[in-house]
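For reference, the structure discussed in these notes is given below.
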Amino acid sequence: MMTAEVTAADAEVLLAQPRGFCAGVDRAIDIVERALELHGAPIYVRHEIVHNRYVVEDLRGKGAVFIDELDQAPAGAIVVFSAHGVSQAVRGEAEARGLRVFDATCPLVTKVHIEVARMRAAGREIVMIGHKGHPEVEGTLGQAQGGMYLVETVEDVAALQVSDPGNLAYVTQTTLSVDDAAAVAGALKARFPGIVEPKKSDICYATQNRQDAVKLLAPECDLVLVVGSTNSSNSNRLREVAERKGVAAYLIDGAHAIDPAWLQGRRSIGITAGASAPEVLVQQVVERVRELGAVSVRTMPGLEESVAFPLPKGLSRKIAQTESLE
């Protein structure tokens, strides 16, 4: 049992709104759970379905097997692609090995993949703004055979060498800092004035909304706790947004990770959660902060999200067929 040491005596807890799960994460988790219900364990999932330890362990307990590469799944197995998306090479490998695929790629990531295909078909080279090594970035870069460049910072733009400066377009990772992405996009436009931008921002609605919510939350607090795993891009960006507002901020996987010393003397403690972090973890954090002395909890004003994405058609058909037999 956790210590009941009091370090946040009489503090107020402020909850960001919105926070936590987005529509793409809800859909991805639902796909794995529905696949398990229809076909039973094991269901193989390429990479973590979403970047959250609690979610992954919960699904593992239900029979999901998380793999790094497709060759770890037996031929003919059922495989779910994670919400981050995959390259065309991975899709080809799955088909060649006779794997039965349920695609949990977030529809907003798929939108970027379609943009890449359209831009390359028009003969343009593409600059992607994103974090090297992130699964979403690897999947998006893998939509084209060459002709793509990756930049992360304004300095990367200054050093960028392209084959055809007059025939460029750019896309972005969906979970970037809105402000950082705007700065890098601005640098691209300044260096390559004719560069074609996406028709609509590639940064997803949930990333934008959660960052905006932290910008409202942080000035009201002297500490912000961000619930999310360390490998979650959007959760890390929330911590950075709070810090840029001059507030101490910590990224935590859950209540167990709270150091009581962080709360010493704090009068107002903000709590938010990345788009892959479930609300149950937020409530556990709230309860832990109450144990440490907080006396009230208030939700900040903010957007009420109503976005929902449908399940893949193939999975929806199977569910409908099963239900019709019951």
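The backbone N, Cα and C atoms fix where each Cβ goes, glycine too.
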Further binder of dimethylallyl diphosphate named by Swiss-Prot next to His51, His84, His134, Ser232, Ser233, Asn234, taken from the candidates Ser177, Ser276, Ser296:
Ser276
Distance between Cys204 ([4Fe-4S] cluster binding site) and His51 ((2E)-4-hydroxy-3-methylbut-2-enyl diphosphate binding site) at the Cα atoms, whole Å?
16
Using the structure shown, find which entry in His51, His84, His134 (the binding-site residues) has the sparsest Cβ neighbourhood within 10 Å.
His134
Around the dimethylallyl diphosphate site formed by His51, His84, His134, Ser232, Ser233, Asn234, Ser276, which additional residues qualify by having Cβ within 8 Å of the site's Cβ center?
Val50, Pro135, Glu136, Thr175, Asn231, Ser235, Gly274, Ala275
In three-state DSSP terms, the structure that Cys22 ([4Fe-4S] cluster binding site) belongs to:
coil
DSSP-derived structure type at Cys204 ([4Fe-4S] cluster binding site), helix or strand or else coil:
coil
Which whole-number value in Å describes the distance between the Cα atoms of Thr174 ((2E)-4-hydroxy-3-methylbut-2-enyl diphosphate binding site) and Cys106 ([4Fe-4S] cluster binding site)?
10
